[in-house]
Ligand code: ADP
Ligand code: MG
């Protein structure tokens, strides 16, 4: 455990004791994530490849026996919010508390009625709304704490499913399974190759430091207002494509059969573009897996660039800020770059030789200043461990 996380765990435990007047039973951490490749494939039963960030949500938790859930975030103004377990109901809460409360609701709904309450105090270093999944970090840290304390015996992928249900049904946000699985199951120095159909997974070595490379996360700090509606439209378009092609999900369209599938879509031009993105994106994930397994990290650069073009031109979810990051970084010598996450803002990733990190970072900052955009936040991401107990 790094000193930084150790110090945070101690501070979170101390604050818990001040707030609730008793010591926590333990302290847990769950990370945010960045997706290396495999965008919008997770609701098409396809492949994704996230890795965990060193940024984490840290929670101190203790059980209660009286059916009460108390929630407090150091990052939100105000005191602890007190909820009654029996009164938890989907879409009843529009505040941050819906994420942890939704997890408790989903666990109890799934039959884990041994859960009789909890006191939770948490804080997170995952930036919110930057496409780095601060929401999944929040859900998973609470799920893991309750799994341990109430000895539920659930595995990481099972916790991920319940956290996804919390977000989909309780919070009311239609997200895929990638974020929660990444937070629950990633390992340090690896990217997680995840088949979102059956949640089978494989840890793929992705040790950038050993290769003399860096992966920069560039948070554009923009979120275009229509992003939620556009997500729903893409999702519906993909479902329409699957229906027209007579498959359960676009995952079932083989890459080798793509041309025939596209030809079979008649004059459905928009659906054709969506189908082409999903089918080629799944192939790109498989290519990145092969390259990394062969130790050829630099060769994934052009695959990331292809992925960006597909998201920009076929899936049409990029935006001027994300395109500017990618174009500028590549022109300044980056090995690869693409937008990551849902699109219409959020973050891009840039793969660079360590020696080029400064030049590329400066080029992007200068380009943003010249365009009159808010300065982006840039950090180098090292594949970090997934959710775990700290104390
Ligand atoms: P993302 O997951 O991409 O960061 P979301 O909109 O899915 O963005 O989730 C962000 C929401 O998660 C915040 O608006 C807030 O409700 C909740 N959240 C994230 N981090 C914290 C935190 N440290 N304390 C309280 N709520 C948080
Ligand atoms: Mg989220």
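From the backbone N, Cα and C atoms, a Cβ is placed for every residue, glycine too.
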* **Listed co-binder of substrate (same site as 39, 40, 41, 42, source TrEMBL) among 150, 170, 231** => 231
* By CA distance, which of the recorded positions (39, 40, 41, 167, 179) lies nearest to residue 133 (ATP binding site)? -> 179
* **Close-lying binding-site residues around ligand 2 among 42, 73, 135, where CB distance stays under 6 Å** => 135
* If you check the recorded positions 33, 39, 179, 231 one by one, which have a CB less than 6 Å away from any atom of ligand 1? -> none
* Asked: Taking DSSP states H, G and I as helix and E and B as strand, how many residues of the domain 'Galactokinase N-terminal' (14-63) are helix, strand and coil?
  -> 10 helix, 26 strand, 14 coil
* Structure fact -> DSSP tally for the domain 'GHMP kinase C-terminal' (290-368), helix/strand/coil in that order, comes to 49 helix, 14 strand, 16 coil
* Structure fact -> Rounded mean pLDDT within the domain 'GHMP kinase C-terminal' (290-368) lands at 97
